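Trainee: Just passing along the structure, written as C-alpha cells.
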Amino acid sequence: DEILRSLAGPPSPPGLAPPGWRVPVDCVRANELCAGEPSCSSRYRTLRQCLAGRDRNTMLANKECQAALEVLQESPLYDCRCKRGMKKELQCLQIYWSIHLGLAEGEEFYEASPYEPVTSRLSDIFRLASIFSGMDPATTSKSNHCLDAAKACNLNDNCKRLRSGYISTCSRELSATEPCSRRKCHKALRQFFDRVPSEFTFRLLFCSCKDPACAERRRQTIVPSCSYEDKDKPNCLDLRGTCRTDHLCRSRLADFHTNCQATFQSLTSCPGDNFQACLGSYAGLIGFDITPNYVDASTTSITISPWCSCKGSGNMEEECEKFLRDFTENPCLRNAIQAFGNGTDVNLSPKNPNPAVTVLPKVEKSPMLPDDVNDSNTAYDTSVISTCTSLQEQGLKPNNSKEQSLCYSEAQLTTDVMPDQKTFMDPKAGSSRHREIRILLLIPILI
C-alpha cells in the first residue's frame, strides 16, 4: 500500500482533496467500472496473474506487474470498500482481497478492514430504545437487563423469528455423538446478527449483570455448547489461519482488529473513541470458528475469548499470546461492553449542558433460561420492557417495525407529552449536581 501511495506523489495539504480524488465505491461497482475501460480491465487481468503464486518482491521486480499496479492505483478498484450486510457482500470481499492480499507484506499480523468505516455512535441506539439509561439507579439495580433484552426481542417479529431460528438449530441434537450441526448453527447465528438491528442484538450480547444467573444468560446468548465450545481447544494461530482462508471470516477478523485494537491515543482506548464500531465488529465475528464469547458468568470482570489456547505454539508462542490478548486483555473491547451495559457513550461535543459522565462499573453457570422466567429473585419495576409486556398481555398489538418496537423510555414519553421537560433529575441531588456541572464547565476555562 505504501509503495502504491508513493507513486501518487506527496500527500495533499490538510483540508485539500488530491487531484482526481474520488469517493470510494463498493468493490462490485468498482469492478464493473474497470471492466468498462479496456486499459483498466487488461491491466487488472495482468495484476491478477502477477499476484497468483508469486511472492511480493518477485512481483514488484517485474516491470509489467509494476505497470499494472500503477494503472490499478488510478482506478476505483484501489480504494474500493464493502458495506456490511450488502446484497453481494461475499463477491465484494472476494474482489477486495484479490487485490489487497498481493499488496501486503506476507501475512501481516493486523490487516486493514475491507469495510466502510462506522460513523454512527452508541447514542444512536440509545435514542431508539434504551433500557440501560440509568436515570433511576434504584430501578436499574433491580432489573435483569439480559432478560429484558430477550423480552424486547420477542416483541419484534424479525428479531423473534431469527432468534428462535438459531436457538432451535443450535439446540437440535443429531445423535449421541453429535449434539448439533455446528455449521448450520453458525449460519443461523450469522443471519441473526446480520439481519436484526443492533439495538436488539447489542442488548442481548452486552447487557449488564449484577448476579451470576443474569451473566450466565448473557453467556448463553449464542448457545455456546454448539457454536463456541468443542471437545478440545485448537491452537489460536491455527484458528486464525483457518479463518484467513475464508474471505468473509478474514474480513470480519480484520474489521475487529481495525475497530477494537487497543490504543493509548484515545480517551477510551478505542480507535476514534468509537464504541459502536468495536461492538459491531465483535458481533460480526459470531458465527465462525473464531467466534468469541464470555469465558464464564463472572459478575466482577468481563473476559472474552475465542475457543482456543496457545499450547503447542513452539517458537510462535509470543505471536499467539499477542493474538489471544486482543480478546482477553483488550481495554477497548471491555470499555465498550461496559459502556453499553451502563447506558453511556463517549460524547466528545455534547449538545446539552449536562456532561455525560461514563462510569465503567464492575460487571458481574446454568442452562439457557426461557424468556418468561426470572433468572434471580430480584423483583422487576415498571421498566420499558414490563410496560411493553403488559400492553401485549392486554391484547394491544405492539409496533413490530424493523426500526423499533413499541418500547419507549420514561424520558422519551415525557419529552413527547411535555416538550418543555427535557431532563430527569433527582431533587435530592439537584444542588450538588449543579455545583458539579459548574465546576466541570470551569475546568476548560482555567486550563
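Every residue, even glycine, has its Cβ placed from backbone N, Cα and C.
Note: TrEMBL annotation is automatic and uncurated.
Annotation source TrEMBL lists disulfide bond at Cys34-Cys40, Cys146-Cys207, Cys153-Cys159, Cys170-Cys185, Cys180-Cys226, Cys209-Cys214, Cys236-Cys308, Cys243-Cys249, Cys260-Cys278, Cys270-Cys332, Cys310-Cys320. As annotated by TrEMBL, domain 'ShKT' applies to 226-270. Per TrEMBL, N-linked glycosylation site is recorded for Asn342, Asn399.
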Trainee: Are there residues at least 6 beyond the ends of the domain 'ShKT' (226-270) whose Cβ is under 8 Å from a Cβ of it, and what are they?
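Mentor: Apart from its flanks, the domain 'ShKT' (226-270) reaches 82, 89-90, 93-94, 96-97, 107, 110-115, 118, 170-171, 179-182, 185-186, 189, 277-278, 280-282, 284-291, 293, 306-313, 316, 319-320, 323-324, 326, 330-333, 335-336, 339, 346, 358.
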Trainee: Ten-angstrom check, please: count other Cβ atoms within 10 Å of the Cβ of Cys260 (disulfide bond), all chains counted.
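Mentor: Around the Cβ of Cys260 (disulfide bond), 28 other Cβ atoms lie within 10 Å.
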Trainee: Looking only at the domain 'ShKT' (226-270), what are its DSSP counts of helix, strand and coil residues?
Mentor: 24 helix, 1 strand, 20 coil
Trainee: Please tell me which one of the disulfide-bonded residues listed here (Cys249, Cys270, Cys332) sits closest to Cys214 (disulfide bond), measuring Cα to Cα?
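Mentor: For Cys214 (disulfide bond), the closest Cα among Cys249, Cys270, Cys332 is found at Cys332.
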Trainee: Which has the fewest other CB atoms in a 10 Å radius around its CB: Cys146, Cys153, Cys270, the listed disulfide-bonded residues?
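Mentor: Each of the disulfide-bonded residues Cys146, Cys153, Cys270 was scored by Cβ atoms within 10 Å; lowest is Cys153.
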Trainee: How many Å lie between the Cα of Cys146 (disulfide bond) and the Cα of Cys249 (disulfide bond)?
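Mentor: Spelling it out, the Cα of Cys146 (disulfide bond) and the Cα of Cys249 (disulfide bond) are 28 Å apart.
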Trainee: Among the disulfide-bonded residues Cys34, Cys180, Cys207, Cys236, Cys278, point out the residue whose Cβ has the most other Cβ atoms within 10 Å, with all shown protein chains included in the count.
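Mentor: Its Cβ has the most other Cβ atoms within 10 Å: Cys278.
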